[in-house]
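What TrEMBL says about this one:
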type	residues	note
DOMAIN	59-517	domain 'Major facilitator superfamily (MFS) profile'
TRANSMEM	73-95	transmembrane segment
TRANSMEM	107-127	transmembrane segment
TRANSMEM	134-152	transmembrane segment
TRANSMEM	158-181	transmembrane segment
TRANSMEM	193-215	transmembrane segment
TRANSMEM	235-254	transmembrane segment
TRANSMEM	322-340	transmembrane segment
TRANSMEM	360-378	transmembrane segment
TRANSMEM	385-406	transmembrane segment
TRANSMEM	426-447	transmembrane segment
TRANSMEM	459-480	transmembrane segment
TRANSMEM	492-513	transmembrane segment
REGION	533-566	region 'Disordered'
Amino acid sequence: MPLLEDLSDEGCHISRPAISSVHGEDDERSLLKVEVDNDNAHCSDSADCGGTSTDVDTEVKVIGCGFFHHRMVIILGLGNAADAVEILAMNYILADYGTITPWESSFLTAAVFAGMLVGGLAGGVMADAYGRRPIVLLNLGINAASALMSALSPSLPWLILFRTFAGIGVGGIISCLFALCVEHLPVSARARYITILCSFWMLGSIVTAAAAWLMLGKSLVTHSRILPWTNWRHFAAFAGVPALLCGVLTYFYVPESARFLVSQRKFAAAASVLTHIAHINGRREYTKPMLSVQDKKADNRRDNVRFHCMNWFVVSPMLRKVSLCLCVTSFALSFGSYGISTWITKLFVSIGLSNPYANAFLYAGANLPGNLVSYLVVDSWGPPGLLKVALVGAAAAALLFSLQPLESDNVESASSRPPSAENTSRATIVVLACLFNAFTTASWNAFGVVSTNAFPLPVRVTAMSVVNSVGKVGAITAQFVNGFLLGPPPHLMTLLVVTATVLMSGAAAVSGVPSPGLKASSRLTSLQDHRPLDAQESSPQVVDHHAPTKSTSSRPVVGHAIVQNE
């Protein structure tokens with residue numbers, strides 16, 4: 001996806017070697033310039049660095065992907081699964097909590113999303129200022145503690161309060177997880193790894209549904225409670241286990257992003273991280289690189305990073321356009337997916353399904369085809385193309401769902417239908433609900449790739465947090481709209497038509513996100529994380545890597561135009 005053109009500062013020299021049939025790298029070089037004069041090469045904070053001067057993007061490219069990255073995506077994926085457990089747990093807690101009014105139900109389900117709105121904004125700014133890793137650890141701790149306190153809450157207001165705190169933790173994690181993941185990766189691997197990271201939501205949703213069925217549901221054989229001694233409190237405490245486990249693993253095995261460390265001019269720390277990653281990947285011959293900066297405006301931009309973090313929306317027309325489009329899409333996708341998923345058990349109860357927990361487990365399992373399809377086609381279709389198709393597919397599934405003869409919408413017509421017709425209708429509804437979930441899963445995977453790559457590094461987490469926070473407004477809105485429409489009396493057809501309409505608006509907004517018109521050209525796009533935000537926008541430039549150039553560095557150095565996907 002073409003983003004912002006990287007403009008070199010006047011007087012900054014970059015050596016570019018002749019490279020044939022070799023893809024470039026993530027161009028985060030407004031701050032990170034190559035210093036080719038070996039006599040003047042240095043590590044800024046007096047690190048014991050050997051070799052010639054280079055930049056972090058080249059080193060990430062040289063290291064490539066290996067065991068460290070596989071382990072990292074699994075650990076961070078567990079954090080994404082923990083978020084899924086925290087968000088979806090409320091659906092099952094609500095079904096077992098007891099009789100409460102529709103307004104109380106809406107406030108209870110909206111509490112976690114309200115917390116996510118606050119946590120997302122605060123966590124984004126803090127992550128861009130203090131680092132991705134410490135904010136991830138902080139919010140995972142908040143998640144685990146909030147789950148335990150939810151289980152101990154003495155009344156509904158206390159439960160709403162603790163679910164709000166859980167939402168703060170979830171909101172603060174989401175953007176940081178994706179930023180920490182992609183900044184450890186060469187750009188050619190980003191789409192694949194982000195898709196894998198997104199797929200752990202499926203694991204979280206399946207684990208949540210399975211645990212709810214085991215703790216709160218009935219056996220398919222005896223039709224009695226599987227674990228009669230458990231209730232929603234035990235289930236709420238269980239919801240904090242994945243966050244606790246992810247926090248421990250992240251603390252020991254996932255370091256801070258080298259790209260972020262270099263953006264903070266912590267060159268020795270960044271070099272140590274790169275060396276550690278290379279050695280974990282089996283590259284024992286890899287020596288600690290010498291990272292340097294030769295950008296006359298770097299210090300000024302670094303000193304004003306807070307200004308950039310808070311004013312990126314104003315100073316860059318391109319960022320403003322992309323952000324507005326992504327905000328609309330985020331609102332629509334959150335309204336549709338969270339609006340259905342947090343009420344799916346009550347929705348199944350309202351249409352007369354005898355074992356809603358078992359059907360909710362099938363609904364959670366529908367994440368699998370959505371993840372598989374998105375993983376297979378994300379590179380060939382492109383993330384924006386996949387996002388459009390998946391949103392339209394989800395809207396179509398919701399419309400077909402609404403056209404089914406729903407028992408709750410028309411009791412008289414339902415009573416006049418034969419039992420076989422009712423069973424067929426219910427089976428069709430479950431299939432369409434699963435299809436809806438598969439499409440929204442693919443949408444979230446594509447949205448993760450699009451939004452993560454849409455912003456330069458200095459404002460990446462802040463901007464993603466703003467976009468995600470708008471999505472949480474959509475999720476909160478859906479809780480009150482769907483809570484009202486589920487009744488009593490329920491108006492399921494209206495609920496599903498509203499959901500489909502909102503999803504279609506999100507698909508239309510994706511058209512405003514820049515994407516290459518040709519598949520071939522999608523590989524030659526400009527992606528840079530440190531471009532000055534107030535620079536003039538222009539179309540992406542492509543550098544002819546076959547042109548004869550001269551290099552004085554033994555490490556490969558890549559020019560400003562990069563190849564986004566290998």
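Heads up, the Cβ atoms here are built off N, Cα and C, so glycines get one too.
No curator has checked TrEMBL annotations; they are predicted automatically.
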Quiz item: Residues of the same chain, at least six outside the transmembrane segment (426-447), with any C-beta under 8 angstroms of its C-beta?
Solution: 194-195, 198-199, 201-202, 329-330, 333, 336-337, 340-341, 344, 347-348, 351-353, 359, 362-371, 373-375, 378, 383-384, 386-387, 390-391, 393-394, 397-398, 400-401, 404, 406
Quiz item: Does the transmembrane segment (134-152) come near the transmembrane segment (492-513), with 3+ Cβ pairs under 8 Å (pairs 6 or more apart)?
Solution: no
Quiz item: So what's the average pLDDT for the domain 'Major facilitator superfamily (MFS) profile' (59-517)?
Solution: 83
Quiz item: Per the 3+ Cβ pairs under 8 Å rule, pairs at least 6 apart in sequence, do the transmembrane segment (158-181) and the transmembrane segment (385-406) touch?
Solution: no
Self-check item: Contact call for the transmembrane segment (107-127) and the transmembrane segment (385-406): at least 3 Cβ pairs under 8 Å, seq gap 6+
Solution: no
